[in-house]
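Enquirer: Let me begin by handing over the structure; questions about it come next.
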Amino acid sequence: MFCFQCQETAGNKGCTVRGVCGKQGSTADLQDLLIYSLKGCAWCAKKLGHWEKLQPDLGLFTVRSLFATITNANFDDNRISVLLEESCGRLEKLQKGLDDATFTKAPACARYAADMPHPGSGILEEENEDVRSLRELAIYGLKGIAAYTDHAAVLGVEDTEHYHTIISLLADLAVERDQEKLIDLVMATGKAAVKAMELLDKANTSTYGNPEITQVDIGVRNNPGILISGHDLKDLEELLQQSEGSGVDIYTHSEMLPAHYYPAFRAYAHFAGNYGGSWWHQNKEFESFNGPILMTTNCIIPVKESYKDRIYTTGMAGYPGVRHIPDREKGGRKDFSSIIEQAKSCPPPTELETGSITGGFAHAQTLALADKIVDAVKRGAIGRFVVMAGCDGRQKGRSYFTELAEALPDNAVILTAGCAKYRYLKLNLGDIDGIPRVLDAGQCNDSYSLAIIALKLKEAFGLEDLNQLPISFDLAWYEQKAVAVLLGLLYLGFKGIRLGPTLPAFLSPNVASILVKNFDIKPIADVQSDLPAIMAGT
Ligand code: SF4
Ligand code: SF3
């Protein structure tokens, strides 16, 4: 196997024996083949033109398959094999639409039939490390885009043009080797990332209302509970509906925390609060939760025996030996009754902490405070906004983000989204004239809100360039959704972003220097040297 798609890759080079995340070689190989096969489908589809006439759901199938290959989403070889088989079937049908001359010129990924090619279908097939680096940068961005696109589709928001963009990018990435053109494809991926986040924002807010300032309880109640993790709000909605009146409380974990900010979910009296921290604490926290756990997307990590009989996956998440709640039929809903029944016989969660955290500062809520914020900036009460969004992870060096948050002067406001927030959300950093010093917009896709807020502030201050705003970026990345968010921010024109705890292993030295030269991307250093630079906007 070879995989270097996430921040925790072995030695910051690549996982070659077994993933640091727990991914087996067999799963990595199957995922490589799936990507290879999706590229083949995309290439044929692009050549055909209006592929949706032939396969109306190819766009959705492609994004769901890409989603299944994200870090910590699906460890189940059987589930990946099913997707691979479907992909091969789709390829065969698409090939039939091509004329002989086109088919002869098709790249290998678009030419194979039922037999899967192997080896040589993996990442290292490309020998030029810069070509490989640019390709994988775009592919990982596409994986993140795929996750957001699927979440939006679950809520009924789909966009044909967006699917065409994804298919077209995949098709081009299958064959393109020219570095200038690959850079253009990377930028086009950033544009598609903004579109995916916009679609998901529309899906979430039109279905569940605009997030509002909310205090979320982090203690526990006396009833048995179900813990729901991941990013899928539709799953949460159906779980809340089906468990109402059952005597079972619903708690969020990790990236599901921001669900509390939506008015539609707050209306449920048994929506109890948030339990624990970010994804990588799950082994301990799932044990002490005592009740069933529902993983709706990434991030699931290797499951311990102590809670294996009470953890479930659904959607594109999967883990061998773990019960999977099937997809909803068209117009129907998922059946969570087995989880609710199991919860009734479980003890209530063991208390980890007490108190509350505050969040809900997505674009509508924050822009409602715009006058107050602009005034605070003009008076100097707010000296700088520091965007500290992204992912959390196990690496020790990530304590940097907590230390930096603590060290920021009192006139700095942290804008956050994604599970990176757990590094400072509970620090009680106080407020500035009633505006909390940590403004949590929501899940990682709600980084879109942070971009909207920045664009509106630019207008309010009458600035020509976004980069004249008193905003610095200090992002934490872990998996591929963070890559999508980063490419989205670059596409929107933000420069000088700090990124850590390490730069991606998939950036070759040359590609890293292109990013430095064109976008002034910087690796994080240490708090002492970064703090003054961040406050000075350099
Ligand atoms: Fe390694 Fe990350 Fe790939 Fe897992 S997802 S195999 S940890 S690079
Ligand atoms: Fe977190 Fe996985 Fe990335 Fe959605 S839950 S931000 S790591």
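Just so it is clear, glycine is given a Cβ too, placed from its N, Cα and C backbone atoms.
TrEMBL labels come from automatic prediction, so no person has curated them.
Because the structure is a prediction, the values reported are computed rather than measured.
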Enquirer: Of His231, His270, His281, which one shares the hybrid [4Fe-2O-2S] cluster site with Glu255, Cys299, Cys391, Cys419, Cys444, Glu479, Lys481 in TrEMBL?
Expert: His231
Enquirer: What is the number of other Cβ atoms found within 10 Å of the Cβ of Cys299 (hybrid [4Fe-2O-2S] cluster binding site)?
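Expert: Taking every protein chain into account, the count is 26.
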Enquirer: Which one is it, among the binding-site residues His231, Glu255, Cys299, Cys419, Lys481, that lies nearest to Cys21 ([4Fe-4S] cluster binding site) by Cα separation?
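Expert: Closest by Cα: Cys299.
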Enquirer: Where the criterion is a Cβ under 6 Å from an atom of ligand 2, which of the binding-site residues Cys3, Cys21, Cys444 meet it?
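Expert: Correct list: Cys444.
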Enquirer: Residues with Cβ closer than 8 Å to the Cβ of Cys391 (hybrid [4Fe-2O-2S] cluster binding site), same chain and 6+ apart in sequence?
Expert: Gln7, Gly418, Cys419, Ala420, Cys444, Ala476, Trp477, Tyr478, Glu479, Lys481, Ala482
Enquirer: Within 8 Å of the Cβ centre of His231, Glu255, Cys299, Cys391, Cys419, Cys444, Glu479, Lys481, which other residues of the chain have their Cβ, at the recorded hybrid [4Fe-2O-2S] cluster site?
Expert: Ser254, Trp279, Asn298, Gly418, Gln443, Tyr478, Ala482
Enquirer: Can you list the residues of the same chain, besides Cys3, Cys6, Cys15, Cys21, whose Cβ falls within 8 Å of the [4Fe-4S] cluster site's Cβ centroid?
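Expert: Apart from the listed residues, the neighbours are Phe4, Gln5, Glu8, Thr9, Ala10, Gly19, Val20, Lys23, Ala28, Thr71.
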Enquirer: Please check the binding-site residues Cys3, Cys21, Glu255, Cys444 against ligand 1 and give me the ones with CB under 6 A, sequence order.
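Expert: Result: Cys3, Cys21.
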Enquirer: Where the distance is taken from Cα to Cα, which of the binding-site residues Cys3, Cys6, Cys15 turns out closest to Glu255 (hybrid [4Fe-2O-2S] cluster binding site)?
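Expert: Its closest listed neighbour, by Cα, is Cys6.
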